[in-house]
Amino acid sequence: MLARAPPPYFNFPARNNTICNRNEIVRLFRNGGGVVARGAGFTRRPLETSSSYDDSTDDGFVIISAADKENEFAPPPSSDLLSSIPSESARRNGSRSRGLTASFGRLKAQKVKALVGKVTQKKQHMSHNEEEDEDDASDENYSADEGFGSSSILDLMRKKLAMKAIPRSGKSAERNEVKRASKVRESRESRRDLDRLEGDDEDVDEVSNPDRFTDNQRAGSRSSYSKGGYAANSRGKGDRLSVARDLDSFEGHGRAIDEVSNPRKFNDNERAESRSSYSRDSSANSRGREDRRFVAKELDTFQGRDKAYDEVYNPRRFTDNERGLRGGSHSKGSDTNSRGWGDRRSVVYTRDMDDWRERNKTKDTRETGFFSRKTFAEIGCSEDMMKALKEQNFDRPAHIQAMAFSPVIDGKSCIIADQSGSGKTLAYLVPVIQRLREEELQGHSKSSPGCPRVIVLVPTAELASQVLANCRSISKSGVPFRSMVVTGGFRQRTQLENLEQGVDVLIATPGRFTYLMNEGILGLSNLRCAILDEVDILFGDDEFEAALQNLINSSPVTAQYLFVTATLPLEIYNKLVEVFPDCEVVMGPRVHRVSNALEEFLVDCSGDDNAEKTPETAFQNKKTALLQIMEENPVSKTIIFCNKIETCRKVENIFKRVDRKERQLHVLPFHAALSQESRLTNMQEFTSSQPEENSLFLVCTDRASRGIDFSGVDHVVLFDFPRDPSEYVRRVGRTARGARGKGKAFIFVVGKQVGLARRIIERNEKGHPVHDVPNAYEFTT
């Protein structure tokens, strides 16, 4: 059995989806220019089957008819037969058997003779021009250099014989004639010249007189083109239709460009139908219709005539259902998108339009934008809970509260993420407490000594005290339940006594929680829900890994887990979805974003270019800037963030030297060097005081940025630039909190920090997140 030579290894061009750069389109329109048509880009990939080789049409590719393919160009045999053909080096070494060598030589000789004889007969009634003779000469020189024993001999002979058998007129004399396809990348100018030489064909008339042809006629002609034999019509009608499609796309004579220049003539259904029909077209129509639809879509997007872009500048024309439907289409993506990190088209970014609109609204409009359009009754709050919230002056839920209520009260594990000051504490407390109260009234569950029904883990004792204050406010307003805090710095005996009396909600830090679990004092057999507040900070605690493992191993399988955070970095998100793959992800509208009411000011403290750059000179420049801000913008409350405790103490000394008797300036330190009692006292004084004559300054480290709600803060000063962009969001988020909050942030930077801070502020001004957020499920509010 003789082995057949393998076919040549050809590539065919695949259409590239993009014909031009989007950023360049935007720049051209902003500068008053127009879109310049560019040649479509192509990528190449190897063919997988022999049949696909016959369908290839690129520079120098050969189109083989059915009869020729059966006779001269037979498809290759199976892989085992091809593997029996030795390489050229093996032939030189004589390692191949003599019988196979002789058989293979006779096979090639017979094939070559058959090809030469057939082509010689065909050449008698074929005309050739000078250009073809030059190509033949070049091919002869090239093939003469190759040895007959080369593995690519049939490939070279095919090209040579096929090029000699190609008539330039584009008209077929015989059905089985071997033709050469026109070059895909041939310029449009030459194609137009060719069309003019061939006369007023119907296809050319369609380009020059588009009004004479309806869309059905134009579509029918292109459909017939795609269904016809491309090998026979590639030089004639195929080229003319390619010109027609190019002119339709870039010169404005087609329906797609008319749709761009006259958008009012087309409704949304017609535009959607046209784009849907594009997706159903054959590959032969991709050159024309794809270009027209893509250009139309690009121009619609960047000129403001697309529905998505029009939604930004004309928000009143779109209802919440329409906007939610657009966002929901993103959430139905693949597993990769739901668990990955998205670009501008992720689910979370569907709400960016609301943020851009809010920046141009007045103060009163901005206040209403903080709350959801739904009421507490509409999201499912009970009468007792609504009464308790009403007493605390909560009339409507915030966005994150409305979004998280339904999955939390249903007992689903969730990741709840939104910006600082958005109301995340009540977003998980209200539904959890309501569910506990309903279960207690129905007799399904009840608190027992040493076994709380809800555990809240927080990173700091100050945040634990804040959560406890919220729990007691709800309890005193008509929804009774018991809550307590177990943290370091308090008498342990008192905490244990209260725990033995029975508690519904236990708030603890990871260290104290681990201690109670190891000592056997705390039991989790009755646990209904575990809440991890500021989970991104908890993962940075050395004791948290052990605390989380104890929590998972000791709690019932039916326990609910809630992970709450203002920032959700990639590594934290991956850890959560790996351990809890069934979590619902509730993303607020402003994750990783600063408040709309926040004003940011970049202060370059690098000094003069000729001055010496040292840490001491940088500190002196920051000191001068701080005193200048204090004198020119006197306010009631200011928080100053430093990276180190040592820097905090230096800043404290600056204020003490300015006002030793603290008649106008009152400084309150807040960092780990102080005892917990001192920190809580200073925090309480700073949050509850309303000074009228003097100004309060809280000098702190990042400990104060971890979830603590500082109400009424006017200014935030970043004396040291944060090491992490996520920390930037938490620091500046201490001001401009809530619906009516507003404030200013002054960022001191030196050296390379200037460029990084400028990019962050520019992104904030545009409403973009400081860094990406994951694609996730989202609930309509």
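Glycine residues also receive a Cβ, built from the backbone N, Cα and C atoms like all the rest.
Motif 'Q motif' is the annotation Swiss-Prot gives to one range among 374-402, 403-431, 461-489, 490-518, and that range is 374-402. In this view, THR425 (ATP binding site) is surrounded by 21 other Cβ atoms within 10 Å of its Cβ, with every protein chain counted. Long-range contacts of the motif 'DEAD box' (533-536) within its own chain (CB-CB distance under 8 A, at least 6 residues past either end) are made by residues 424-425, 428, 456-459, 463, 467, 563-569, 572, 576, 706-707, 726.
Spatially close to ASP418 (ATP binding site) yet at least six residues away along the chain are HIS399, ILE400, LYS424, ALA427, ALA566, MET587, GLY588, PRO589, ARG590, VAL591, judged by Cβ distances under 8 angstroms.
Sequence-distant neighbours of SER422 (ATP binding site) (same chain, 6+ residues apart, CB-CB distance under 8 A): ALA398, HIS399, ILE400, ALA566, GLY588, ARG590. Compute the center of the Cβ atoms of ASP418, GLN419, SER420, GLY421, SER422, GLY423, LYS424, THR425, which mark the site for ATP; besides them, the chain residues with Cβ within 8 Å of that center are ALA398, ILE400, ALA427, ALA566, GLY588, ARG737.
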